[in-house]
């Protein structure tokens, strides 16, 4: 026998070697995956589908002599930044590409084949998707829609300010049949979604309001209307039932009065009449003898029977509606079961053809134009009425030429600490006299206050000791050169404000801002209190 014992140090070396091999394998697989991702992304950027939409890259290719683009330009793109910024690695990934080729130096890249003309059937091959999750990505959409065919292009519109997706996307397929297949397979909106496509949740203070909350208010209004109509219908049914009872008694009387041809039957009929008459008479006497409470109870019982009949009819109508809803739900469940049998992932999305989406867009634009035209007309009518009222009241607005020079109106205010805001200073000083304007910036230690008249300024100066005690303010009335310099400053500041460029607004924004101003002024007028004399 030969001893084959391995020392303890040998076991440790073997373990280290195996760990190194595994780490090297993982590293190789990561590098392979990275090279494949880089190759796929660059081939997409230089593909026919993307270049017909990407104006920046298309212009760069057209401006270059041989169609070559520096790889460093590609590393400036956000998608490539996430993967790698190594130019050599990108050149290595594109070495065996069938779409692009790299120059001998490995610094520039270009398409192998020239770019063809733009295709005309893009809209028929594209589908519109909505009800997307907030965390939607191009990879997720490509994975979902690749079951229906070869996805060529994915577009996810986003908000410029936040960068969040707008809730819809466009997916372009290779053929029109694949797009139609996607509409049939993946169009599965949830039950709580709006029936019409293109309706997105409303926002309040940049926060989306859920559709259920908006729908609940509408449903409550509809329920109230239905209850009112039901109450009115129940009263009508009561009157109809009463008239039916009167008609039935009249027909019975006619039947008793009709003569009979057979004498035997006539005698039997006479006997029956006598019995019925005697019974009716006794019943009538009993009713006269019955107390009023029992009669009320009987009437209430009749009313309950009639109301129960009306409720039964309403329930039958509701059941009919419920049956139609249940049928639609059953159809959906059948479709879902079929898809689950096939082994597909059921995702609640709404999928339409892009042509249908363009029709909806045109409808929305027409509605928007109509609404804006109506708003413009109403705003012009309101402005015309206000002009007429002003002309009747003989009130003419003169163009303001700014504040006119008047001595003894400007008061300088200073303190050891930063002064409060303009509004608080104006409110505190207006307790003593009327203030025209406060010229103070936030955080300043001193400023100026312009009063409406020299008398108002003088009253504040006389009460400056009180302001000194309460707020630690030093008040000083300007005069002489200091006053003239400040008035020159007022004129210069006003001229600079008038010459400063204003924000340009489009017609729609202007119209909406005008309408908002009118609404604000009307609400202010409505909220004013009218005090009557005693």
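Heads up, residue numbers simply count up from 1 along the chain you see.
Note: Cβ is positioned from N, Cα and C throughout, glycine not excepted.
No curator has checked TrEMBL annotations; they are predicted automatically.
Checking the ranges 384-404, 405-425, 426-446 against TrEMBL, the region 'Disordered' annotation falls on 384-404. Looking up the ranges 1-28, 29-56 in TrEMBL, the one annotated as region 'Disordered' turns out to be 1-28. When DSSP labels each residue, the domain 'HTH La-type RNA-binding' (28-119) comes out as 49 helix, 9 strand, 34 coil, counted as helix, strand and coil in that order.
Residues belonging to the domain 'RRM' (125-188) score a mean pLDDT of 88 in the model. Residue counts for the domain 'RRM' (125-188) under DSSP (helix as H, G, I; strand as E, B; rest coil) come to 19 helix, 18 strand, 27 coil. Across the range of the domain 'XRRM' (404-517), the DSSP-based residue counts are 56 helix, 20 strand, 38 coil.
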